[in-house]
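If you look up Swiss-Prot, you'll see 1-15, 74-82, 131-144, 188-226, 277-287, 336-346, 400-410 marked as topological domain 'Cytoplasmic', on the strength of sequence analysis. The topological domain 'Periplasmic' annotation in Swiss-Prot covers 37-52, 104-109, 248-255, 309-314, 368-378 and rests on sequence analysis. Marked as transmembrane segment by Swiss-Prot on the basis of sequence analysis: 16-36, 53-73, 83-103, 110-130, 145-165, 167-187, 227-247, 256-276, 288-308, 315-335, 347-367, 379-399.
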């Protein structure tokens, strides 16, 4: 590709500054979802709203993450990745500060939706630029290592959020998110390369519809994108629902709630670290299959334990930790293969992939909320297991071609 930035041998400080600044922005948007969740109990109390608004905050945030993906990817193909990405960072800073003016839970939730739009820029623009900037082996390593930094958000978020809410108002969290994003803005402005290949082409809705139609007619791409959504949903549902499950349902403290996040997200990081070590020695296909075993075993353990005893939250945590390790091992390779399953420009493909995933997350978190409200931990984890089974079925379709991901070139 003519816009390749560097090979592994040429990866210098300037080249690395771009992914580091991108992951700082990603971190600020992710911690915007995770750190506020333990604080949501204080938010709903302040606005005199019911606890069912707690997971709805994340639902609104993820719905925002789906809202403009269809436009931003193709737009960045034509006017450039840099200006679109930088505009997204500025939008996040503004909406984080605007939430300080919210007067009720409805306004708060609307602003969470507007903040969530910032997620669109990561997948549709930022990660497309990463994929276009580095060769495959280097790219997968960077993606995995970037994921480790980004995953500190759900690891630290609940711990810091639970502690923060005891000493500082929840509004201060959003000032922190805006400050982190501001730092990433200056770094991206300095280091982000321009990798778009269709700059100057006219953007027409007719052509845009045609492009998406071609992408969505690709059965292998759709299977991969849906699989990524279903396999990640149990983790997102846990982040959204765990304050209610642990603090309200199990009557544990916010400190204990924070500690229960550590094994799950620690396992996720461990899976990513193992992936980074194995990438140059194993095929992408074998890494996905390897990760599939802990994914299914972990979800099965969590479901079986909580169906037998609804309050077996330690077994649930253990099962979700095993599952998270598998996610860390399998997902980066699956993202790569899915993105390149279509020959369409990567901005459009990445946007389509992100929209399908966000649709699954938005609907799925609401379903998981009602599953827990109606059937407790057992139904919540059975729902997670169903998502694992859907992922497994889609993987059979996606990897049906024995050559798919069966070389170190993907």
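Placed from the backbone N, Cα and C atoms, the Cβ positions cover glycine too.
Across the range of the topological domain 'Periplasmic' (248-255), the DSSP-based residue counts are 4 helix, 0 strand, 4 coil. It is 315-335 that, among the stretches 16-36, 256-276, 315-335, forms the most Cβ pairs under 8 Å with the transmembrane segment (288-308). Here the listed stretches are 16-36, 53-73, 256-276, 315-335, 347-367, and the one with the most C-beta pairs under 8 angstroms to the transmembrane segment (110-130) is 53-73. At the 8 Å Cβ cutoff, the transmembrane segment (16-36) and the transmembrane segment (83-103) share at least 3 close pairs (sequence separation 6 or more) and count as touching. Residues 22, 25, 28-29, 32, 72, 75-76, 111-112, 114-115, 117-118, 120-121, 125-126, 129, 171, 174-175, 177-178, 181-182, 184-185, 188-189, 192 of the same chain, all 6+ positions outside the transmembrane segment (83-103), place their C-beta atoms under 8 angstroms from a C-beta of that stretch. Summarised by DSSP class, the composition of the topological domain 'Cytoplasmic' (74-82) is 8 helix, 0 strand, 1 coil. Against the transmembrane segment (53-73), stretch 347-367 shows more Cβ pairs under 8 Å than any other of 227-247, 315-335, 347-367, 379-399.
Ranking 227-247, 347-367, 379-399 by CB pairs under 8 A with the transmembrane segment (315-335) puts 227-247 at the top.
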